[in-house]
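Right, one structure below, let's go through it.
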Amino acid sequence: MVQEYLNTPLRERNSFGIDARAARLAEFDSAESLCEYLARTPRTTGRTAVIGGGNNILFTGDFDGLLLHPVGRACRIDARGGDRVAVHAEAGLPWDDFVRLCTENGLWGAENLTAIPGTVGAAPVQNIGAYGAEAADIIESVEVIDLNTLKPSIIAAEHCAFGYRESVFKGPLRGRVVITAVNFRLSRTPHPNLGYGALAAETAALGEPSLENITEAVRRIRASKLPDPALIGNAGSFFKNPVVEQALAERLRSRFPEMPSYATADPDRIKIPAGWLIEKAGWKGVTRNRAGVYERQALILVNRGGASGANIIALAEAIIADVQAKFGITIAPEVNIW
Ligand code: EPU
(Lines of atoms letter the chains of each structure in order from A and count residues from 1; the text may use other names and numbers.)
(Lines give C-alpha, C1' and ligand atoms only; values in the text may rest on other atoms or scores of the structure.)
Protein backbone atom coordinates (compact mmCIF):
# COMPACT_ATOMS: atom_id res chain seq x y z
CA MET A 1 0.00 0.00 0.00
CA VAL A 2 1.12 3.57 -0.71
CA GLN A 3 -0.14 6.65 1.11
CA GLU A 4 0.53 9.86 -0.78
CA TYR A 5 0.66 13.40 0.68
CA LEU A 6 0.83 16.62 -1.37
CA ASN A 7 2.48 19.88 -0.21
CA THR A 8 3.00 18.25 3.16
CA PRO A 9 4.76 19.68 6.22
CA LEU A 10 8.09 18.07 7.15
CA ARG A 11 8.61 19.55 10.59
CA GLU A 12 7.57 16.34 12.36
CA ARG A 13 9.57 14.28 9.86
CA ASN A 14 13.06 15.69 10.52
CA SER A 15 14.79 15.55 13.90
CA PHE A 16 16.14 19.10 13.51
CA GLY A 17 12.50 20.23 13.58
CA ILE A 18 12.99 22.47 10.53
CA ASP A 19 9.80 23.91 9.09
CA ALA A 20 9.87 22.88 5.42
CA ARG A 21 7.36 21.25 3.08
CA ALA A 22 7.59 18.49 0.46
CA ALA A 23 5.73 18.87 -2.83
CA ARG A 24 4.93 15.17 -2.67
CA LEU A 25 5.63 12.45 -0.14
CA ALA A 26 4.73 8.78 -0.49
CA GLU A 27 4.79 6.22 2.32
CA PHE A 28 5.23 2.68 1.01
CA ASP A 29 4.97 -0.60 2.92
CA SER A 30 6.69 -3.01 0.51
CA ALA A 31 9.05 -3.12 -2.47
CA GLU A 32 6.14 -4.26 -4.67
CA SER A 33 3.85 -1.38 -3.71
CA LEU A 34 6.74 1.07 -4.23
CA CYS A 35 7.37 -0.24 -7.76
CA GLU A 36 3.69 -0.21 -8.62
CA TYR A 37 3.42 3.40 -7.37
CA LEU A 38 6.55 4.61 -9.19
CA ALA A 39 5.41 2.97 -12.43
CA ARG A 40 2.19 4.98 -12.44
CA THR A 41 3.59 8.25 -11.03
CA PRO A 42 5.10 10.75 -13.46
CA ARG A 43 8.26 12.26 -11.97
CA THR A 44 8.45 15.43 -13.97
CA THR A 45 9.44 18.02 -11.38
CA GLY A 46 12.16 18.06 -8.76
CA ARG A 47 14.21 15.15 -7.62
CA THR A 48 13.28 11.91 -5.96
CA ALA A 49 14.83 11.09 -2.59
CA VAL A 50 14.23 8.84 0.39
CA ILE A 51 13.53 9.96 3.93
CA GLY A 52 13.67 7.52 6.83
CA GLY A 53 13.40 8.93 10.34
CA GLY A 54 14.81 12.24 9.05
CA ASN A 55 17.57 12.05 11.67
CA ASN A 56 20.51 12.97 9.46
CA ILE A 57 19.00 15.61 7.18
CA LEU A 58 19.05 19.39 7.27
CA PHE A 59 16.38 21.00 5.07
CA THR A 60 17.53 24.39 3.78
CA GLY A 61 14.24 25.04 1.96
CA ASP A 62 11.12 23.29 0.70
CA PHE A 63 11.62 19.99 -1.12
CA ASP A 64 10.13 20.40 -4.59
CA GLY A 65 10.21 16.75 -5.70
CA LEU A 66 9.07 13.36 -4.44
CA LEU A 67 10.10 12.03 -1.03
CA LEU A 68 9.73 8.29 -0.51
CA HIS A 69 9.27 7.05 3.04
CA PRO A 70 9.40 3.33 3.92
CA VAL A 71 6.94 2.18 6.60
CA GLY A 72 7.36 -1.64 6.41
CA ARG A 73 8.73 -2.81 9.78
CA ALA A 74 8.89 -6.59 9.51
CA CYS A 75 11.92 -8.31 11.03
CA ARG A 76 12.67 -12.01 10.58
CA ILE A 77 15.30 -13.88 12.55
CA ASP A 78 16.51 -17.11 10.93
CA ALA A 79 15.53 -19.80 13.44
CA ARG A 80 18.10 -22.36 12.28
CA GLY A 81 20.83 -23.41 14.69
CA GLY A 82 24.50 -22.48 14.47
CA ASP A 83 26.48 -19.52 15.67
CA ARG A 84 25.91 -17.12 12.80
CA VAL A 85 22.28 -15.95 12.59
CA ALA A 86 20.72 -14.16 9.63
CA VAL A 87 18.30 -11.33 10.36
CA HIS A 88 16.18 -9.69 7.65
CA ALA A 89 14.70 -6.30 8.51
CA GLU A 90 12.51 -3.99 6.43
CA ALA A 91 13.71 -0.42 5.86
CA GLY A 92 10.99 1.26 7.94
CA LEU A 93 11.81 -0.57 11.19
CA PRO A 94 13.17 1.89 13.78
CA TRP A 95 16.85 1.07 14.25
CA ASP A 96 16.56 0.74 18.01
CA ASP A 97 13.67 -1.75 17.64
CA PHE A 98 15.98 -3.83 15.45
CA VAL A 99 18.74 -3.68 18.07
CA ARG A 100 16.27 -4.66 20.80
CA LEU A 101 14.99 -7.64 18.79
CA CYS A 102 18.57 -8.83 18.32
CA THR A 103 19.63 -8.41 21.93
CA GLU A 104 16.43 -9.92 23.34
CA ASN A 105 17.08 -12.98 21.18
CA GLY A 106 20.63 -13.32 22.50
CA LEU A 107 22.27 -12.13 19.28
CA TRP A 108 25.60 -10.25 19.49
CA GLY A 109 26.86 -7.53 17.14
CA ALA A 110 24.29 -4.72 17.32
CA GLU A 111 24.40 -3.93 21.07
CA ASN A 112 26.91 -1.03 20.90
CA LEU A 113 24.59 0.64 18.36
CA THR A 114 21.75 0.85 20.91
CA ALA A 115 19.54 3.96 20.93
CA ILE A 116 20.80 5.48 17.67
CA PRO A 117 17.82 7.37 16.23
CA GLY A 118 16.64 6.50 12.72
CA THR A 119 15.49 3.55 10.66
CA VAL A 120 17.05 0.31 9.44
CA GLY A 121 16.96 1.58 5.84
CA ALA A 122 19.02 4.66 6.75
CA ALA A 123 21.68 2.70 8.65
CA PRO A 124 23.74 1.56 5.62
CA VAL A 125 23.59 4.97 3.94
CA GLN A 126 25.92 6.69 6.37
CA ASN A 127 27.14 3.47 7.97
CA ILE A 128 25.99 4.54 11.44
CA GLY A 129 28.46 3.93 14.21
CA ALA A 130 29.15 4.40 17.91
CA TYR A 131 31.40 3.04 20.68
CA GLY A 132 33.77 1.17 18.40
CA ALA A 133 31.10 -0.51 16.26
CA GLU A 134 29.46 0.35 12.97
CA ALA A 135 26.55 -0.99 10.94
CA ALA A 136 28.94 -2.37 8.30
CA ASP A 137 30.27 -4.87 10.89
CA ILE A 138 26.95 -6.76 10.79
CA ILE A 139 25.49 -5.97 7.35
CA GLU A 140 25.50 -8.89 4.93
CA SER A 141 23.63 -7.22 2.05
CA VAL A 142 21.20 -4.43 1.19
CA GLU A 143 17.99 -4.88 -0.82
CA VAL A 144 17.19 -2.01 -3.19
CA ILE A 145 14.89 -0.93 -5.98
CA ASP A 146 16.49 0.86 -8.92
CA LEU A 147 14.61 4.12 -9.47
CA ASN A 148 15.10 4.00 -13.25
CA THR A 149 14.40 0.38 -14.07
CA LEU A 150 12.16 -0.29 -11.03
CA LYS A 151 13.94 -3.64 -10.70
CA PRO A 152 14.92 -5.10 -7.32
CA SER A 153 18.47 -6.18 -6.58
CA ILE A 154 20.59 -7.21 -3.62
CA ILE A 155 23.91 -5.43 -3.06
CA ALA A 156 26.43 -7.51 -1.11
CA ALA A 157 28.25 -5.67 1.69
CA GLU A 158 31.57 -5.85 -0.17
CA HIS A 159 30.02 -3.74 -2.93
CA CYS A 160 28.60 -1.13 -0.54
CA ALA A 161 31.93 0.75 -0.20
CA PHE A 162 31.41 1.17 3.53
CA GLY A 163 33.74 3.63 5.23
CA TYR A 164 33.62 6.04 8.17
CA ARG A 165 30.07 7.48 7.80
CA GLU A 166 30.29 6.66 4.09
CA SER A 167 28.84 4.19 1.60
CA VAL A 168 27.98 3.73 -2.05
CA PHE A 169 24.47 4.99 -1.15
CA LYS A 170 25.92 8.42 -0.34
CA GLY A 171 28.11 8.26 -3.45
CA PRO A 172 27.42 6.76 -6.89
CA LEU A 173 24.04 5.28 -5.94
CA ARG A 174 22.74 8.46 -4.33
CA GLY A 175 19.30 9.27 -5.79
CA ARG A 176 19.42 6.12 -7.92
CA VAL A 177 18.13 3.41 -5.58
CA VAL A 178 15.68 3.02 -2.71
CA ILE A 179 16.69 0.71 0.13
CA THR A 180 13.77 -1.58 0.99
CA ALA A 181 15.39 -4.03 3.45
CA VAL A 182 18.72 -4.96 5.01
CA ASN A 183 20.15 -8.42 5.69
CA PHE A 184 22.29 -8.71 8.79
CA ARG A 185 24.50 -11.43 10.21
CA LEU A 186 24.79 -11.65 14.00
CA SER A 187 26.36 -14.14 16.36
CA ARG A 188 25.10 -16.29 19.24
CA THR A 189 28.59 -16.36 20.76
CA PRO A 190 29.15 -13.56 23.28
CA HIS A 191 31.85 -11.14 22.12
CA PRO A 192 31.63 -7.92 24.14
CA ASN A 193 33.19 -4.99 22.26
CA LEU A 194 34.30 -2.75 25.13
CA GLY A 195 37.29 -0.97 23.59
CA TYR A 196 35.62 2.43 24.14
CA GLY A 197 36.78 3.24 27.67
CA ALA A 198 33.61 4.87 28.97
CA LEU A 199 31.53 1.91 27.80
CA ALA A 200 33.79 -0.59 29.58
CA ALA A 201 33.55 1.44 32.80
CA GLU A 202 29.77 1.97 32.64
CA THR A 203 29.20 -1.73 31.86
CA ALA A 204 31.49 -2.87 34.68
CA ALA A 205 29.52 -0.67 37.08
CA LEU A 206 26.39 -2.63 36.11
CA GLY A 207 28.00 -6.08 36.48
CA GLU A 208 29.01 -8.70 33.92
CA PRO A 209 29.36 -7.72 30.24
CA SER A 210 25.99 -9.20 29.22
CA LEU A 211 23.89 -7.90 26.33
CA GLU A 212 21.50 -6.41 28.87
CA ASN A 213 24.22 -4.54 30.75
CA ILE A 214 26.01 -3.31 27.62
CA THR A 215 22.80 -1.94 26.08
CA GLU A 216 21.90 -0.26 29.38
CA ALA A 217 25.40 1.24 29.61
CA VAL A 218 25.15 2.60 26.05
CA ARG A 219 21.74 4.12 26.86
CA ARG A 220 23.21 5.85 29.92
CA ILE A 221 26.25 7.23 28.09
CA ARG A 222 24.15 8.49 25.20
CA ALA A 223 21.61 10.11 27.53
CA SER A 224 24.42 11.90 29.39
CA LYS A 225 26.03 13.38 26.24
CA LEU A 226 23.49 13.55 23.42
CA PRO A 227 20.34 15.68 23.24
CA ASP A 228 17.01 13.85 22.78
CA PRO A 229 15.60 15.09 19.43
CA ALA A 230 12.10 14.81 20.90
CA LEU A 231 13.07 17.62 23.29
CA ILE A 232 15.62 19.65 21.31
CA GLY A 233 16.00 19.54 17.54
CA ASN A 234 19.29 18.06 16.34
CA ALA A 235 20.69 15.50 13.91
CA GLY A 236 23.35 13.88 16.09
CA SER A 237 26.93 14.70 15.11
CA PHE A 238 26.75 17.58 12.65
CA PHE A 239 30.38 17.16 11.55
CA LYS A 240 32.59 14.18 10.83
CA ASN A 241 35.77 13.73 12.82
CA PRO A 242 38.55 14.90 10.48
CA VAL A 243 41.38 12.61 9.47
CA VAL A 244 44.64 14.55 9.11
CA GLU A 245 48.29 13.95 8.21
CA GLN A 246 50.42 12.67 11.08
CA ALA A 247 52.72 15.73 10.73
CA LEU A 248 49.84 18.16 11.30
CA ALA A 249 48.59 16.11 14.27
CA GLU A 250 52.08 16.27 15.79
CA ARG A 251 52.35 20.03 15.31
CA LEU A 252 48.98 20.42 17.04
CA ARG A 253 49.95 18.05 19.84
CA SER A 254 53.00 20.15 20.62
CA ARG A 255 50.66 23.15 21.05
CA PHE A 256 47.89 21.15 22.79
CA PRO A 257 49.37 18.10 24.55
CA GLU A 258 45.92 17.18 25.88
CA MET A 259 44.39 16.85 22.37
CA PRO A 260 42.64 13.47 21.96
CA SER A 261 43.32 11.55 18.73
CA TYR A 262 42.84 8.07 17.27
CA ALA A 263 44.96 5.93 14.97
CA THR A 264 43.42 4.94 11.64
CA ALA A 265 44.18 2.00 9.33
CA ASP A 266 46.69 4.30 7.59
CA PRO A 267 49.70 4.91 9.89
CA ASP A 268 50.25 8.37 8.32
CA ARG A 269 46.73 9.56 9.11
CA ILE A 270 45.24 10.44 12.48
CA LYS A 271 41.60 11.05 13.40
CA ILE A 272 40.93 14.04 15.64
CA PRO A 273 37.58 14.56 17.39
CA ALA A 274 35.84 17.55 15.80
CA GLY A 275 33.97 18.05 19.10
CA TRP A 276 37.28 18.78 20.83
CA LEU A 277 38.38 21.23 18.11
CA ILE A 278 35.03 23.06 18.24
CA GLU A 279 35.07 23.23 22.02
CA LYS A 280 38.70 24.41 22.07
CA ALA A 281 37.81 27.10 19.53
CA GLY A 282 35.27 28.39 22.04
CA TRP A 283 31.99 27.42 20.41
CA LYS A 284 30.51 25.01 22.95
CA GLY A 285 27.14 26.34 24.17
CA VAL A 286 27.15 29.31 21.75
CA THR A 287 23.81 30.29 20.15
CA ARG A 288 23.35 32.51 17.09
CA ASN A 289 19.95 33.19 15.58
CA ARG A 290 18.29 30.24 17.34
CA ALA A 291 20.96 27.82 16.06
CA GLY A 292 23.25 26.53 18.79
CA VAL A 293 26.20 24.32 19.70
CA TYR A 294 25.06 21.74 22.26
CA GLU A 295 26.55 22.47 25.67
CA ARG A 296 27.44 18.83 26.50
CA GLN A 297 28.88 17.75 23.11
CA ALA A 298 30.21 20.40 20.73
CA LEU A 299 29.89 18.12 17.69
CA ILE A 300 26.13 18.57 17.79
CA LEU A 301 24.30 21.59 16.45
CA VAL A 302 20.83 22.17 17.87
CA ASN A 303 17.69 24.05 16.95
CA ARG A 304 16.92 26.18 20.00
CA GLY A 305 13.39 26.65 18.62
CA GLY A 306 12.33 28.11 15.29
CA ALA A 307 15.76 28.03 13.60
CA SER A 308 15.69 27.72 9.81
CA GLY A 309 18.02 25.51 7.83
CA ALA A 310 19.85 28.69 6.78
CA ASN A 311 20.41 29.65 10.45
CA ILE A 312 21.99 26.25 11.14
CA ILE A 313 24.14 26.49 8.00
CA ALA A 314 25.33 30.00 8.93
CA LEU A 315 26.45 28.72 12.35
CA ALA A 316 28.12 25.67 10.78
CA GLU A 317 30.00 27.86 8.29
CA ALA A 318 31.24 30.18 11.01
CA ILE A 319 32.50 27.17 13.00
CA ILE A 320 34.21 25.63 9.95
CA ALA A 321 36.01 28.91 9.17
CA ASP A 322 37.10 29.40 12.78
CA VAL A 323 38.37 25.82 13.20
CA GLN A 324 40.26 26.22 9.92
CA ALA A 325 41.82 29.51 11.11
CA LYS A 326 42.78 28.16 14.55
CA PHE A 327 43.96 24.62 13.71
CA GLY A 328 44.47 24.47 9.92
CA ILE A 329 41.88 21.68 9.70
CA THR A 330 38.80 21.80 7.50
CA ILE A 331 35.93 19.97 9.17
CA ALA A 332 33.05 18.78 6.99
CA PRO A 333 29.37 18.16 7.72
CA GLU A 334 28.28 14.62 8.37
CA VAL A 335 24.60 15.56 8.06
CA ASN A 336 23.02 15.51 4.58
CA ILE A 337 22.17 19.07 3.56
CA TRP A 338 19.10 19.29 1.29
N1 EPU B 1 35.24 16.08 23.03
C2 EPU B 1 35.49 17.32 23.57
N3 EPU B 1 34.49 18.24 23.55
C4 EPU B 1 33.27 17.96 23.03
C5 EPU B 1 33.02 16.70 22.47
C6 EPU B 1 34.02 15.77 22.47
O7 EPU B 1 36.56 17.60 24.06
O8 EPU B 1 32.41 18.85 23.07
C9 EPU B 1 36.30 15.05 23.11
C10 EPU B 1 35.94 14.00 24.14
O11 EPU B 1 36.34 14.35 25.41
C12 EPU B 1 36.67 12.79 23.63
C13 EPU B 1 36.63 12.98 22.13
O14 EPU B 1 36.38 14.35 21.90
O15 EPU B 1 38.01 12.80 24.05
C16 EPU B 1 35.59 12.10 21.46
O17 EPU B 1 34.30 12.38 21.98
P18 EPU B 1 33.16 11.27 21.98
O19 EPU B 1 33.68 10.00 22.51
O20 EPU B 1 31.97 11.89 22.64
O21 EPU B 1 32.86 10.97 20.48
P22 EPU B 1 32.88 11.84 19.15
O23 EPU B 1 34.11 11.50 18.39
O24 EPU B 1 32.64 13.26 19.47
C25 EPU B 1 31.74 9.95 17.72
C26 EPU B 1 30.54 9.80 16.81
C27 EPU B 1 29.26 9.71 17.62
C28 EPU B 1 29.37 8.52 18.57
C29 EPU B 1 30.60 8.71 19.46
C30 EPU B 1 30.85 7.52 20.35
C31 EPU B 1 31.17 10.87 14.74
C32 EPU B 1 30.90 11.99 13.78
N33 EPU B 1 30.47 10.88 15.86
O34 EPU B 1 31.60 11.22 18.37
O35 EPU B 1 28.20 9.46 16.70
O36 EPU B 1 28.20 8.40 19.36
O37 EPU B 1 31.77 8.87 18.63
O38 EPU B 1 31.33 6.44 19.61
O39 EPU B 1 31.97 10.00 14.43
C40 EPU B 1 26.57 10.53 15.32
O41 EPU B 1 27.21 10.09 14.35
O42 EPU B 1 25.52 11.20 15.17
C43 EPU B 1 27.07 10.26 16.66
C44 EPU B 1 26.49 10.77 17.75
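Including glycine, each Cβ sits where the backbone N, Cα and C put it.
If you look up TrEMBL, you'll see 18-189 marked as domain 'FAD-binding PCMH-type'. According to TrEMBL, the active site annotation covers Arg165, Glu334. The annotation active site, proton donor is assigned in TrEMBL to Ser237.
Annotation note: Glu334 (active site) sits in a coil segment as assigned by DSSP. A simple way to gauge crowding: the CB of Glu334 (active site) has 19 other CB atoms within 10 angstroms, across all the protein chains here. Secondary structure from DSSP puts Arg165 (active site) in coil. Between the candidate active-site residues, Arg165, Ser237, the densest Cβ environment within 10 Å is the one around Ser237.
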